[in-house]
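Peer 1: Pasting the feature list from TrEMBL:
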- 328-440: domain 'FAD-binding FR-type' (DOMAIN)
- 25-47: transmembrane segment (TRANSMEM)
- 67-93: transmembrane segment (TRANSMEM)
- 128-151: transmembrane segment (TRANSMEM)
- 181-201: transmembrane segment (TRANSMEM)
- 222-243: transmembrane segment (TRANSMEM)
- 263-283: transmembrane segment (TRANSMEM)
- 295-325: transmembrane segment (TRANSMEM)
- 553-577: transmembrane segment (TRANSMEM)
- 598-618: transmembrane segment (TRANSMEM)
Amino acid sequence: MDNSEKVSATSPSSRDEFKDVIKGLIKLLMLVIFLGIIFIWALMPTMVYRTKWLNPVMRTEFGTSTYFGAIGLTFFMFMFPMVLMACLGCLYLHLKKQKNTNHLAREKITDGGVFAAMKRPMLVKGPLGIVSATELILLAMFVALLLWNFFMYMRNAFPTITPQSAAKHHQKLWQARLEAMAVRIGLVGNCCLAFLFIPVVRGSSLLPVVGLTSESSIKYHIWLGHMLMTLFTAHGLCFIVYWASMHEISQMVSWGKTEMSNVAGEITLLSGLVMWATTYPSIRRRFFEVFFYSHYLYIVFMLFYVLHVGVAFCFITFPGFYIFMVDRFLRFLQSRDNIRLSSARVLPSDTVELTFFKNKGLVYNPTSILFVNIPSISKLQWHPFSITSSSNLEADKLSIVIKSEGKWSTKLYEMLSSSDHIDSSLSVSVEGPYGPTSIDFLRHESLVMVSGGSGITPFISVIRDLIAITQTTSCEIPKITLICAFKNASDIAMLDLILPTSGLQLSTDLNIQIEAFITKEKEPRNEETQKIRTIWFKPNLSDQPISAILGPNSWLCLAAILASSTLIFMIIIGVMTRYYIYPIDQNKNKYNAASRSILYLLVLCVSIMVTSSAAVLWNKKKYNVESSKQVQTVDVPSPTFSPSSWAYREIESNPQESLVQCTNLHFGERPDLKKILLETKGSSVGVMVCGPKKMRQKVAKICSSGLAENLHFESISFSW
């Protein structure tokens, strides 16, 4: 493309400036709402909350309502603000999506400063993993909130427990205090449960607002899960000890009709313990399928939690789970379609690149991931893989790379490598893509990408996207250094995936240097082994290209789903409570608690299913006309073999030659990461790493050492 045809990096228009103001106001409003939620959690254990706010104000307004009853109090105090914040996040992301890429590129990081220092790794090794100063401070603040809740509950409860009050219930003083402490520990655990599901919402509208993705936030889910199960386990053990000391062990099998159900609480705890036990690294690594399938117990956990505490109380902790339910059902709807496969490239490194057709309107950013399910291998297993293609470079194709490292991926590799022809019976379903909402690496003057083995895959998408930017804009592109470490020479073939199969040459505007290290071998393998085999799939007209489940305006649609499902739920519950439950209950807890809980949960699920299904069907009808016309008839070539360009460096006509020329191969050695990173020039150097745990820790340690103030660290780790 001629430079005159490229989009120039002009100054932001007044319209863009207005959008920036709106986005700033939205973020400010979201911050106010979030601080309000935290304030309520901090106020809950105090006497001020109970005597001066809850009883005279909130219960008067909502507790006596004939339309909502006690549920209205917790719904409007806890669930409504979180849903409102999620809707505002959708609006913010919709406006951000429309912002020109050039404007992002101009937002350079010019100095270290306090904010840059806060983002650098502070802890590199340990049970928390790689943690920045900001994350450590927020974690400490959350733990402080839990401790504040516990001590304030105890401070207010213990003075009211006297030998005389305990004797009225045939208790000793220590038994009464143990019972009170058990209840309060459970209340503190609810704070963890309220936020537990937010980090695992893949299509979250909350995480991207603060620059996070669900993949990078999975560690927060792990932290919250450990704290939650520690508190809930202590809660259950305290009650068991109490019942045993009171000779009331039969309480363990009680299920009150209008009171709290102990059996439901025990089922909740047991299902949580099973999930908790399988999360430990040694069990998860060796028995991944056990970990994977046991986590479906979250359905049992949440169902019996609601039956244990009652539907009115559960809405204190339900907002995060509600947003998760919406996201989970949308993923379910997307996974119903069989996806149209274009081709597969089988590499000699036990690696496969799958290329799918996609809707041209589907746009995603580099380092995004796609969840894949192949029913012929496993109907239940879903695995995440890095997307190696660029939506800006390949408008109608999407590619992922799968390294044969486990049972599932090994079966797929054997299936493709052993057959000369794959017919249209290979069924594939996907969820996603999911990834960052902005391309922050454009803000750096230099970009160093460090990978180990298959960790190179997210960086392939980065390079392809930069190639696309050089073809369409005249903005400044950072200098790229790719450091990739492989065990065997056959793994070098993965570098052939950097450029798409179209034979595109590297642009001269892209300053890139690749340093490939082969650690286990001292010389190249025989050329005959360096063959890349391409398999073309015969398309099935019933298959669909990958498309955004909610269309091009997905964030606005998600906001509509969240708002409408909440509104429908409120209307149905209001009518049902007023004309069915209230005549029986009279707000005196006469109605069966379990029946009420199940009824409310059914209404909530139906509201989500109806609104989500309607939005998906509307978008399919409106935007998928192109899908029905795309690839109606495709000629399917025979399987082909092509040599890896790294084995045939003398072939000048090879389309990969432009990439080969900027690559240095190092056999029998490991990269000196400290030397490479510290010698990288630039006022701002973005450092991205994806690979083994020790490699990530080593790079994080270098970036946090203080030897170079211009290094900005980001780790990419697939923890699903």
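Keep in mind that glycine also has a Cβ here, set from the backbone N, Cα and C atoms.
Have a look at these and tell me how they're positioned relative to everything else.
Peer 2: Counting same-chain residues at least six beyond the ends of the transmembrane segment (25-47), those with a Cβ under 8 angstroms from any Cβ of the stretch are 53, 77-78, 81-82, 84-85, 88-89, 91-92, 95, 145, 148-150, 152-153, 156, 184, 187, 191, 194, 209.
Listed by sequence, the residues of this chain that lie at least six past the ends of the transmembrane segment (181-201) yet keep a Cβ under 8 A from its Cβ atoms are 41, 45, 78, 145-146, 149-150, 153-154, 157, 207, 214, 217-218, 220-221, 224-225, 227-228, 231-232, 234-235, 238-239, 242, 305, 316-317, 319-321, 323-324, 327.
Here the transmembrane segment (222-243) has long-range neighbours at 128, 139, 143, 146, 175, 178-179, 181-183, 185-186, 188-189, 192-193, 195-196, 199, 249, 251-252, 262, 265-266, 268-269, 272-273, 275-276, 279, 719, meaning same-chain residues at least 6 beyond its ends whose C-beta is under 8 angstroms from one of its own.
Listed as Cβ neighbours of the transmembrane segment (598-618) (distance under 8 Å, sequence separation of 6 or more from its ends, same chain) are residues 71, 303, 306-307, 311, 322, 325-326, 329-330, 333-334, 549-550, 557, 560-561, 564-566, 568-569, 572-573, 576.
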Peer 1: With CB pairs under 8 Å as the measure, which of the listed stretches 67-93, 128-151, 263-283 comes out on top against the transmembrane segment (553-577)?
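Peer 2: Against the transmembrane segment (553-577), the leading stretch is 67-93.
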Peer 1: For the domain 'FAD-binding FR-type' (328-440), what is the mean per-residue pLDDT, to the nearest integer?
Peer 2: 86
Peer 1: Based on DSSP, tally up the residues of the domain 'FAD-binding FR-type' (328-440) by helix, strand and coil.
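Peer 2: Secondary-structure composition of the domain 'FAD-binding FR-type' (328-440): 19 helix, 39 strand, 55 coil.
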Peer 1: Residues of the same chain, at least six outside the transmembrane segment (263-283), with any C-beta under 8 angstroms of its C-beta?
Peer 2: 222, 225-226, 228-229, 232-233, 235-236, 252-255, 290-291, 294-295, 297-298, 300-301, 304-305, 307-308, 594
